[in-house]
Amino acid sequence: MSSIKLIVGLANPGAEYAQTRHNAGAWYVDLLAQRHNQQLKEESKFYGYTARLNLAGNDVRLLVPTTFMNLSGKAVLAMANFYRIEPDEILVAHDELDIPPGVAKIKLGGGNGGHNGLKDIQSKFGNNPNFYRLRIGIGHPGDKNKVVGFVLGKPPASEQKMIDEAIDEAARCTEILLTDGLEKTVRRLHSFKAQA
């Protein structure tokens, strides 16, 4: 079993970004809150929207930073320090270019894959990358020069449906992570692929 005390959904703040691919991590946290009848509330000392859940008998905090993506670490560190949460008790959900829509993967540790939100969290924790990552596939535009416009764009309805289905499965697998650990979660989540 894994001891997760903080689940973070990376996003850019503001209505103009709410439906963009880069906010997929926040979509996942929003779904977790909804499933447990909780409302995310803005808490300025944590630079984000927060909620508290009982997940499979565990006391878990949710956080969607209201900083811009490249300053996400400020919010995560503030909450981790306040509640004395270690990096390996944190799950960070984020959009992933290298995974197609309809697929989500989870891992512990690893690099940042050029993701500015992950980069900032790593630097704020003294480059200790040993936190869990939920990588929500958004696909790749095929040209690295188009990446910024792609992640800040809205997916078409067909892709959105697949991303939503992968997030739904990831939300179900979150409890498996807490009760049965990473290996079982990987087996189930990594075998899921939403149908177009």
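Backbone N, Cα and C define each Cβ position, glycine as well.
Neighbours of HIS22 (active site, proton acceptor), defined as other CB atoms within 10 A of its CB across all chains, total 22. Residues or ranges marked as active site, proton acceptor by Swiss-Prot on the basis of sequence analysis: HIS22.
For TYR17 (tRNA binding site), the same-chain residues that are 6 or more apart in sequence and have a Cβ closer than 8 Å to its Cβ are ALA11, ASN23, LEU152. The annotation tRNA binding site is assigned in Swiss-Prot to TYR17, PHE68, ASN70, ASN116 on the grounds of sequence analysis.
According to Swiss-Prot, the site 'Discriminates between blocked and unblocked aminoacyl-tRNA' annotation covers ASN12, on the basis of sequence analysis. For ASN12 (site 'Discriminates between blocked and unblocked aminoacyl-tRNA'), other Cβ atoms within 10 Å of its Cβ number 21.
When secondary structure is read from DSSP and collapsed to three states, ASP95 (site 'Stabilizes the basic form of H active site to accept a proton') falls in the strand class. Around ASP95 (site 'Stabilizes the basic form of H active site to accept a proton'), the C-beta neighbours below 8 angstroms that are at least 6 residues distant in the chain are LEU10, ARG21, HIS22, ASN23, ALA24, GLY25, HIS115, ILE136, ILE138, VAL151. Residues annotated as site 'Stabilizes the basic form of H active site to accept a proton' in Swiss-Prot, with sequence analysis given as evidence: ASP95.
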Practice prompt. Do me a favour and check the Cα-Cα span between PHE68 (tRNA binding site) and ASN12 (site 'Discriminates between blocked and unblocked aminoacyl-tRNA'); whole Å is fine.
Written response: 5
Practice prompt. Measure from the Cβ of ASN116 (tRNA binding site) and count the other Cβ atoms within 10 Å, all protein chains considered.
Written response: 17
Fill in: Protein Cβ atoms within 10 Å of PHE68 (tRNA binding site), excluding its own
15
Response to the item:
For ASN70 (tRNA binding site), the number of neighbouring Cβ atoms whose distance to its own Cβ is within 10 Å equals 12
Discussion item. Measuring Cα to Cα, how far is ASN70 (tRNA binding site) from ASN12 (site 'Discriminates between blocked and unblocked aminoacyl-tRNA') in Å?
Written reply: 9
